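Take a look at the structure set out below.
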Amino acid sequence: MPSTDSIPKSNFDAIPDVIQAFKNGEFVVVLDDPSRENEADLIIAAESVTTEQMAFMVRHSSGLICAPLTPERTTALDLPQMVTHNADPRGTAYTVSVDAEHPSTTTGISAHDRALACRMLAAPDAQPSHFRRPGHVFPLRAVAGGVRARRGHTEAGVELCRLAGKRPVAVISEIVDDGQEVEGRAVRAAPGMLRGDECVAFARRWGLKVCTIEDMIAHVEKTEGKLETNGSG
């Protein structure tokens with residue numbers, strides 16, 4: 001199975017370049033550890049994500065649009081955990097799902113509606129009453145300490161927002177390989193997830209910066225120091 005272990009470091013972009021692209025409102029591709037999920041997410045800042053960018057994200061990802069945000073933000077927006085006892089293998093902290101409570105929102109599933117919900121999650125004046133529950137965007141509660149505390153895409157999204165000076169809400173979704181068409185049949189052959197160098201190739205195809213969470217941790221530790229412990233959940 002392809003993994004980041006087999007990819008030369010030179011194939012990845014420098015973290016300052018990734019941060020700058022993120023600051024510019026671009027997608028970045030972020031890979032986690034091969035011993036963890038061994039997957040890559042498209043990540044973008046929620047505050048400026050457009051309908052067109054959301055459409056791209058839905059097309060090239062699992063379609064499950066998540067919005068990592070800080071613990072303080074989930075509290076301020078009254079976003080409790082989705083379940084009392086989280087059985088997710090990685091402890092991904094899903095809150096209740098939301099749509100934007102807005103005149104232009106229809107069913108909540110369109111690219112327009114989901115982009116709007118994400119922007120509203122990041123809006124400085126956002127209030128709990130600005131959202132319908134349940135909805136079609138899935139906020140994720142990040143742990144305090146960012147990627148130094150937990151090596152997940154949830155924390156990577158919030159960390160990128162912090163490093164780029166953005167509002168502390170990101171938008172993420174796993175990148176997939178949707179397989180090949182089968183002529184005359186309503187199926188696709190050999191679907192799966194993009195992994196390892198396939199993710200780098202995807203980033204290059206679309207002109208996106210690409211990095212690993214491992215490199216992000218190294219950058220933050222070099223510039224800001226280490227935490228007492230480094231989580232892996």
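Placement of Cβ uses the backbone N, Cα and C atoms for every residue, glycine included.
Same-site candidate for D-ribulose 5-phosphate binding, as annotated by Swiss-Prot with Thr92, Arg150, Arg151, Gly152, His153, Thr154, chosen from Asp41, Asp125, Asp178, Asp197: Asp41.
Put simply, His136 (site 'Essential for catalytic activity') is 17 Å from Thr154 (D-ribulose 5-phosphate binding site) when counted between their Cα atoms. For the pair Asp41 (D-ribulose 5-phosphate binding site) and His153 (Mg(2+) 2 binding site), the Cα-Cα distance reads 7 Å.
Sequence-distant contacts of Cys66 (S-glutathionyl cysteine), defined as residues of its own chain at least six apart whose C-beta falls under 8 angstroms from its C-beta, comprise Tyr94, Val137, Phe138, Pro139, Leu140, Thr154, Val171, Ile172, Ser173. Taking the Cα atom of each, Arg151 (D-ribulose 5-phosphate binding site) and His136 (site 'Essential for catalytic activity') are about 25 angstrom apart.
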